[in-house]
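**Student:** Taken from Swiss-Prot, the feature disulfide bond covers C44-C59, C53-C70, C72-C81, and the record attributes it to sequence analysis. Annotated domain 'EGF-like' per Swiss-Prot: 40-82, in sequence order. According to Swiss-Prot, the signal peptide annotation covers 1-23, on the basis of sequence analysis.
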Amino acid sequence: MASFRTLFACVVILCCVLWSSMARYGEDMEVETEMNKRDVGVACTGQYASSFCLNGGTCRYIPELGEYYCICPGDYTGHRCEQMSV
């Protein structure tokens, strides 16, 4: 069974992905979405800042959970931006 920390991290990341998907429906929402995604966690530092995310993704860290995730550019998806969007 998943721990609460893992479950919470999945919910936070899922919310970011859903916001990202919704951004494609309007320019105003896209601006709001980009701001909301960047408000979750803090910028990664050290080796994670330059190597955790792939394909130009931006690394974010959630200190309360000790979890890393990526904000992916439009053509990529996945936990580390490892998959091309279809």
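Even glycines carry a Cβ here, placed using N, Cα and C.
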**Student:** Between C72 (disulfide bond) and C44 (disulfide bond), how many Å separate their Cα atoms?
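**Tutor:** The Cα atom of C72 (disulfide bond) is 14 Å away from the Cα atom of C44 (disulfide bond).
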**Student:** When you put C81 (disulfide bond) at the centre and draw a 10 Å sphere around its Cα, which of the disulfide-bonded residues C44, C53, C70 have their Cα inside it?
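**Tutor:** For C81 (disulfide bond), the disulfide-bonded residues whose Cα atoms are within 10 Å come to C53, C70.
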**Student:** Using C-alpha atoms only, work out the spacing between C59 (disulfide bond) and C70 (disulfide bond) and round it to an integer in Å.
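**Tutor:** Between the alpha carbons of C59 (disulfide bond) and C70 (disulfide bond) there are 5 Å.
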**Student:** Just to confirm: which same-chain residues, 6+ apart in sequence, have a Cβ under 8 Å from the Cβ of C53 (disulfide bond)?
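**Tutor:** Counting only residues 6 or more apart in sequence, the Cβ neighbours of C53 (disulfide bond) under 8 Å are C59, C70, I71, C72, R80, C81.
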**Student:** Can you tell me the mean pLDDT for the domain 'EGF-like' (40-82)?
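**Tutor:** When the pLDDT values over the domain 'EGF-like' (40-82) are averaged, the result is 94.
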**Student:** Counting every protein chain present, what is the number of Cβ atoms, excluding its own, within 10 Å of the Cβ of C72 (disulfide bond)?
**Tutor:** 25
**Student:** Under DSSP, is C59 (disulfide bond) part of a helix or a strand, or is it coil?
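**Tutor:** The three-state answer is strand.
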